[in-house]
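Structure first, then comments.
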Amino acid sequence: MDPTLILVLTTLIKIVTFTFMLTLPMVAYSVYAERRVSAIIQDRVGPNRTGIPLTLFGFKKDLHFSGLLQPLADGLKFFLKEEHTPSHVRKFFFWIAPVLTIVPALLTLCVVPFGSSITVFGEQVKLVIADIDVGPLFVFAIASLSVYGITLAGWSSNNKFSFFGGVRSCAQMISYEIALGLSVIPVLMVFGQLNLSDIVQSQADGGWTLLPLWNEHGSVFDADYWKNSGGQWLLMIPLFISFIVFTISIFAETNRMPFDLPECETELVGGYHTEYSAMKFALFFMGEYAAMIVGSALIVTLFFGGWSIGFGLDAHVADWAFGGLVHLVAFLTKVIAFIIFFIWVRWTLPRFRYDQLMKLGWVVFFELALVNIFLTAGIMMLVN
Amino acid sequence: MAIIKVTRPKLTLLEKLYFPSIVKGMFVTFKHAIRSLRGKSLGADSLNSSGLGVTMQYPEQKWDDHLPEHYRGVPALVTDEQDRERCVSCQLCEFICPPKAITIIPGEIESDDPWAKVEKRPKEFDIDMTRCIYCGMCEEVCPEQAIFLRKDYAMTGLSRADMVNDKERLYEIGGVRTGLVNKWNEIK
């Protein structure tokens, strides 16, 4: 077959599969997971009985599948609810704001490598929608657009509390974006490139960023490693710092729990989405969870080897025609683990006060990330 | 008023870093998660939990065994051990009922009835459970100890008409209650 045709077809299939068949269900089910995991942490049960209502059709018992059909019921409810647009809002911006929050979150997915590669009609197809050489930059450029959605939602609602929520969110996201951008630079320096697929590939070959247990010099448990790698392990220090800064910034960027000030219901009556109802509200909700999934995917890609299984198994798996799918499963497992981590943090840490949040962003993390870059550079100079 | 100066606690370096405390907190919640997954949450036994966490799964498991002695549920009429209606339809409960939930239509007992001495019994006795506030004043005021607030609490229905307990239903909920009631006394 014509390689161009294969490229177009596979790209279309990848877009449909990764965005609509993988990520959107994951969004729905991360809401379910959030409810279930938070319930378990708080000694409750959570939604556990929405299933197939067989008793409606005259059967003895309902099938409940531990409530796994809850997201479907939630979605149906959102579609059937009354869509209400208050008369005092700026209609155009009011309608476009929810779209502006969810689209960037889904767009950033296109540079995240889901798996290594599979062979279709003799052509190697990389399991990433767009294999571009500016991966992280693209992600930051697009992800920062979601602040427009939230700010516009707050402003166009024509409601003081919503506006306040929108402005707060804007200030928060900007203050963490700088730390987010700076904290990745050490990683990019170590790998020397901006292509996310290649970054993951080199992690598969030489050990994950935060877990370099296998590499060209052999295992860490091997005495040769300590002799030959020339103090490479020192790089773990700045990489760990950048992991911490990056993760916390992602929490702030996705408006997740310790930093969910934009929607602080005690002060802001719900924040920027107070005036939204039904599916428009659901889009904000989905945007937030999609951002969480993209955030987890980024953390996994940059620090935990992306689709790599590790322990030197990747080379064997890559030999199979559909070995990429094994990698896909490995990647999803890691992402799900991180989503559960996000939920775990949400039900552990109390909300930050707003001035503490700004101080953390501007005074602590900005400086820390900046110093970290110099630290990395110094160590890299020493090592080579 | 005495002024109490609060001195801020001196934090060690580790405490100032937040980080160890955060990790400690994460372990606390993690322990909860593990406990509730194993069905060993604190208080699970005393709250009759269903296994996950301390939640009792309502329609399947009920609170019945844990209801306190003084619990006041749905009001109901009672019969005595010989299946006689205790109510003489004096309408005191209807009169005292603050939300006017009770409606009584009194009826006479025919003279050939073995219990004709009592003369009256209710022909209709309705309690509208959409109005009842479970105050227990009907129980307090009843001279014949015929109406009681029982332990039932799950009064549900799909329409307003469903929520009206008629005489039959009230006797069904109330059941039999033994003990002397003076109105049957021939001498009196």
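Including glycine, each Cβ sits where the backbone N, Cα and C put it.
Here is what TrEMBL records for this protein:
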TRANSMEM  A:6-32  transmembrane segment
TRANSMEM  A:92-114  transmembrane segment
TRANSMEM  A:134-155  transmembrane segment
TRANSMEM  A:176-194  transmembrane segment
TRANSMEM  A:233-252  transmembrane segment
TRANSMEM  A:289-309  transmembrane segment
TRANSMEM  A:321-345  transmembrane segment
TRANSMEM  A:357-383  transmembrane segment
### Task
May I ask you to check whether the transmembrane segment (A:92-114) and the transmembrane segment (A:233-252) make contact, with contact taken as at least three Cβ pairs under 8 Å and only pairs 6 or more apart in sequence counted?
no
Message = Tell me if the transmembrane segment (A:6-32) touches the transmembrane segment (A:176-194). I count contact as 3 or more CB pairs below 8 A, with pairs 6 or more residues apart.
response = no
Same-chain residues at least 6 beyond the ends of the transmembrane segment (A:6-32) with CB under 8 Å of its CB atoms are 47, 67-68, 70-72, 74-75, 106, 109-110, 114, 120-121, 123, 125, 127-129, 285-286, 289-290, 292-293, 332, 335, 339
